[in-house]
């Protein structure tokens, strides 16, 4: 069985024999793994920003965004493909598609003279990402217990969002989902980062980057929604 480039099962086995460390006491194998993950993530973020810029005035992106079903199929489909066949091609297909579909939303704020809100959401997202990553890498606490609660919270947010989008269309519900979603994504950043540190090579670096990207993307969109609602009041 062939393994994806960059995913060495021997390194996985070597790391698995090591005790789960805390703080910054990382093995060379763990450091190498994290470097690959964050290199993939950084490239994905740059691609998503570029794709979002292109999608701001793209009729294709606007058409896809107006159909919730099309957007969901594209986003979920590309994400599942990136997990099924992890590697740079599927990673960049997924993250580029997500960025492209975000373009019309960002363009709506920019065209309304609210580009500052986009900048604020990006800044807050970056600050939360850096803060949660630093904390997950240095804390002695074990957050593995959060997995079940985070997954349950995600189901609630998804179901609530779909019900609100198709039936309720309630601004108060939108605010609650955005606020709860932002907190949930912050928790996911903490949990996922510590899992990558404690169990390196258990997941392909590109797949790990996809997971982090989707969390960061959703955090940004939740914050953008909250800040946008604050401006409308």
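Keep in mind that glycine also has a Cβ here, set from the backbone N, Cα and C atoms.
Curation plays no part in TrEMBL annotations; they are all automatic predictions.
Per TrEMBL, the features are as follows:
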- 37-56: transmembrane segment (TRANSMEM)
- 68-84: transmembrane segment (TRANSMEM)
- 90-110: transmembrane segment (TRANSMEM)
- 117-137: transmembrane segment (TRANSMEM)
- 143-167: transmembrane segment (TRANSMEM)
- 174-191: transmembrane segment (TRANSMEM)
- 203-227: transmembrane segment (TRANSMEM)
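Counting Cβ pairs under 8 Å that are 6 or more residues apart, the transmembrane segment (117-137) and the transmembrane segment (37-56) reach fewer than 3 and are not in contact. For the transmembrane segment (68-84), the neighbouring stretch richest in Cβ pairs under 8 Å, chosen from 37-56, 90-110, 203-227, is 90-110. Residues 40, 43-45, 47-58, 61-62, 64-65, 71, 74-75, 78-79, 81-82, 84, 117-118, 206, 209-210, 213-214, 217, 221, 224, 228 of the same chain sit 6 or more residues outside the transmembrane segment (90-110) yet have a Cβ under 8 Å from a Cβ within it. Sequence-distant contacts of the transmembrane segment (37-56) (same chain, at least 6 residues past either end, Cβ-Cβ under 8 Å): 88, 91-92, 95-104, 106-107, 110, 196, 205-206, 208-210, 212-213, 216-217.
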